[in-house]
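For 88-122, 158-192, 284-314, 484-518, 587-621, 688-722, the entry in TrEMBL reads repeat 'PPR'.
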Amino acid sequence: MHCRKLRTLRESKAGVPFDRGKLEQQQKCLTLLQQCQDSGELDVLYARFTGTGYLDNVYFRNWLIQLHGKFGNTQKSREVFDGMQQKNVYSWSMMIGAYAQNGHRNEAFLLFERMESEGIRPNAVTCLHVLGACSYQNELPFGKKVHAYISASEFKWDISLQTSLVNMYAKCGSPADAKAVFDSMARKDIVTWNAMAGASVHNGQSHKLLREMDLQGVKPNATTYASITRGSSTLTGCRAMEQRLLASGYMSHVPVQNALVNVYAKCGDLEGARKVFNRLERKDVISWSTMISAYNQSGRHSEAIEIYRLMESETSVEPNAVTFVGVIGACTGCGDVIRGIQVHGRLVSLGLETDVAVGSALVQMYVKCGSLEDAKKAFDRVEKRDVLCWNFMLSAYSERGSPQQVIEAYEAMDVEPNAVTYTNVLIACSAMEDLAQGQKVHSRIVSSGLETDMTMETALLSLYIKCRSLKSACQVFEAMGKKDVIPWNFMMVGYIDHDCDTEALRLYARMHEAGVEANNVTFANALKACSKIKDIETGSKVEAMITTKGFETDVVTDTALLNMYAACGDLEAAKRVFGSRRGERRDVVFWTAMIASYAQAGRGEEALALYKTMLSEEIKPNSVTYTSVLSACSSLGNILEGRKIHSKLEGKAEELDVAVQNSLLSMYARCGSLRDAWSCFAKIHNRDVFSWTGMVAAFAHHGHSARALELVREMELCGVSPDAVTFQSVLHACSHEGSLERGWASFVSMAVDYAVEPSKDHYLCMVDLLARAGRLAEAREVIQFVGLERESMGWMMLLGASRTHSNLAMGVEAAQCVAPEDGLAMCPLLCSVYVL
């Protein structure tokens, strides 16, 4: 050590001529500098020596760089450094050290690279500073670069450097590299062993290292025991370590006791941790913070808060950032917002509100307590936000349904996003269906090299599916490496939502071949695809697989299975599925599925009977149940039962949603009570397109064509665009009113103004409209133009109009085109044409 100091002194004075008297003066000045207690005193002395010529000395300036760095003023260190006409290797080392010690580690790395580029070879001190920066920055690649430089240097066997390398690899999470350096060392002191003990905490080799020390006769110290203790991973190991500590005499050391408290808690023995904690004669802030965190992480939040209360009321120990992170987490866990606000006030008084870990904990607490505004205030007060802090804020916006704020926060980030950041942003893009923004994020993910994170890839998949970009979704899916069940399920949903149901079933089969274990969502997706394409054969195979895999008691798969059989027309199989499930396995969704199956199959009586059975079993209906039962009433024309249901719903705002109100309107209209239908319509505050269309259809089918058309105009004035069903009702009204011009204008407007593609039903309405208006030849042209020749309905309309307009030839032609199976219905009409 003394030799190194002498060497440093010689090198720093090299080439600088001065006499002994001047040297004595400089050394007096240097002594004064070294006695400075803060940056202010240093500035005073610096001003005093300016102009004396002392500042021209490299040795003197190197000390100034070091002292300014010691007092946290790296800017002044850099001013001194940049003002030096001559710099030696120690000038560079002191400047790099100043940066490293003050958290400006990237600047330290840049200066190290610049030093090399200017041909100045770093020495051992330089490398020590840079390795220290790598340890704190978790900068493993740069650390390996420095290691390579050291290995090729003359000081590669320096014990301080090798120890620093062990420590750097340990801090950067590479215990294997730490062990390789450690094993290569010819000489090891206790500091080296302690560095390796720190590394062994992360690889489960702590006790093995302790045995190795015993074999080599190396006596552990308090630091060694603290590290070895932290590396214990089982209760047996903890207890053995406690006995060793008692025998060694190091149990009285606070850091060792703190480590023992921590490992007992980590291994789930809170009582053991508390016993050690209670034995502590002198508890420091780490002791208290460890115990608070232990209770908090074990879900015993009230006890964590109580420990904090004892610390504040019965000791003079001042809480630190770690203490507050633990107690705020406890307040969050038990929802004690009052205590949380009190703790917030206390940490503000200690000036800790700007700490990033504390700020992140406050953000989480306020979000859970429902105050996004207070969460944002806490976030804004954090001075140096890391990616974790930003992610907490993004998650807060996401959880509270504010996707736009997620995007705005993401764009304001001044740190590099990680996979969690991108996942939150992609979820926000999905919520807003913002494909363009999502694609920008995807591009940035690719450039950052993070696209292999499965959670983020799944979020990407969800984005493209939600934004109806199936091709991009397929590309993301196929590019994914190992996939669990979730991406497969998302991709199946994508195919189903895009009506690619056969592809969804192929994917289901492919998933099975890939050996991925299906879950209830997988089976529900497969059954939904079968329902849509009425593939009962594949659906039955899926049912067999459900039974094999033990999902036959799952209500999600049960409901999907019931719906599949009903959609495929096998109501008996649907009844079998329903009848085989009992008790808790029949929730309201399951009951509703069976009721809806009956209603959709035209078996209204059975739907109503099952609804009454459901009520008798005290199952509370939901809005879908009411919609299905009201549909059954409509098909039966059972207005009395419909009124009973309506009466039951009166005053229940949470159950009387727009869908149910629309169903009531439709039920009354189809049961012939236009007055009640209008009354229901008038009470709907948030009318959607189905509300307006239902009322338009009611007027049209009850012969109030003019009122139907008037209502469509009101609908448009209210900013609701008509849909395909609305236009069908409009054309029906025009037909019955004989308003050919209005009907034709509506038909054209449908495609041109509202982008609604005319369907077969719309063209049949136009056939009816033209035929009723006596434009029989044009009606026939429409039938032939759009390929409705095989549709008997169009020809029957033409036949009926031929009678009205006394056109025997057209009537005969229409009769000849009616399908044979519809002949009986045609005969009376044809006879009436001949009578004319």
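Each Cβ is built from the backbone N, Cα and C atoms, and glycine gets one as well.
Source: prediction; values computed, not measured.
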* Cβ under 8 Å to the repeat 'PPR' (88-122), counting only same-chain residues 6 or more beyond its ends: which ones? -> 8, 11-12, 14, 58, 61-62, 65-66, 68-70, 72, 74, 77-78, 81, 129-130, 132-134, 136-137, 139, 142, 146, 149, 153
* Structure fact -> Tertiary contacts of the repeat 'PPR' (484-518), defined by C-beta under 8 angstroms and 6+ residue spacing from its ends, are 454, 457-458, 461-462, 464-465, 468, 470, 473-474, 477, 525-526, 528-530, 532-533, 535, 538, 542, 545, 549
* Counts by DSSP class (helix H/G/I, strand E/B, coil) across the repeat 'PPR' (284-314) -> 27 helix, 0 strand, 4 coil
* **Positions whose Cβ lies under 8 angstroms from the repeat 'PPR' (284-314), at least six residues beyond its ends** => 254-255, 257-258, 261-262, 264-266, 268, 270, 273-274, 277, 320, 322-323, 325-327, 329-331, 333-334, 336, 339, 343, 346
* Structure fact -> DSSP composition of the repeat 'PPR' (484-518), residue counts helix/strand/coil, works out to 26 helix, 0 strand, 9 coil
* Counts by DSSP class (helix H/G/I, strand E/B, coil) across the repeat 'PPR' (158-192) -> 26 helix, 0 strand, 9 coil
* Secondary structure content, the repeat 'PPR' (688-722) (per DSSP, counts of residues) -> 26 helix, 0 strand, 9 coil
* Asked: DSSP helix, strand and coil counts for the repeat 'PPR' (587-621)?
  -> 26 helix, 0 strand, 9 coil
* Structure fact -> Here the mean pLDDT of the repeat 'PPR' (284-314) is 93
